[in-house]
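S.K.: This is the structure, below, for whatever I ask next.
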């Protein structure tokens with residue numbers, strides 16, 4: 001589920017760029033690394049819609065209360081899970097700080113379940129087609145659709161390019177020692193480091209850029225103390241942060 005933190009320690013397996021430098025801070029977290037306001041609004045709208053559709057399905061069966069409850073409740077729960085898969089997308093973020101550089105490695109863990117799902121979809125489609133053809137050879141023509149879907153699923157499941165696209169893997173580094181402002185949003189346990197950034201080596205000016213660091217609630221004070229200690233000249237403030245993913 002989206003709220004379950006990963007048990008595996010990824011910090012040692014990430015292909016860091018500054019692997020030979022001594023680490024001064026490192027942590028990992030699973031979080032919704034984007035502005036959640038619009039996503040939450042969409043979730044509540046779809047929740048209401050799922051409730052209405054569930055009630056509509058439950059009203060079909062009037063003779064049995066149990067069957068009516070199962071139909072309505074089943075439709076409602078499916079609607080909720082489908083909605084959450086869209087509005088509560090998460091990323092696993094792994095942070096590593098050396099004396100001069102900071103690195104962030106992130107990916108979408110939901111994609112890790114897509115690859116085996118596509119392969120099993122292909123296998124399941126093939127098994128169903130074989131059974132139907134054994135029952136009645138006339139099903140060969142009708143099986144063209146499922147066979148096509150199975151082949152497409154198998155191809156997508158084995159495509160490394162498609163898998164990486166789903167995974168949304170990102171890796172970047174920044175000079176955290178140049179931070180000019182530290183802003184903490186305690187509601188979401190986010191530390192925003194703003195530093196001057198030059199997008200191009202030539203013919204460009206420095207402009208402010210913000211790195212959003214998501215922290216565990218029980219580690220937030222420790223992270224704040226760390227950055228205050230190592231960035232004594234940076235301006236410190238607290239308040240909401242506009243997160244751009």
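FYI, residue positions are counted from 1 along the chain as it appears here.
The backbone N, Cα and C atoms fix where each Cβ goes, glycine too.
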S.K.: If you check TrEMBL, which stretch out of 66-95, 156-185 is marked transmembrane segment?
M.R.: 66-95
S.K.: According to TrEMBL, transmembrane segment applies to one of these ranges: 41-60, 201-220, 221-240. Which one is it?
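M.R.: When 41-60, 201-220, 221-240 are checked in TrEMBL, transmembrane segment belongs to 41-60.
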S.K.: For the record in TrEMBL, which of the ranges 116-134, 135-153 is the transmembrane segment one?
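M.R.: Result: 116-134 is the stretch TrEMBL calls transmembrane segment.
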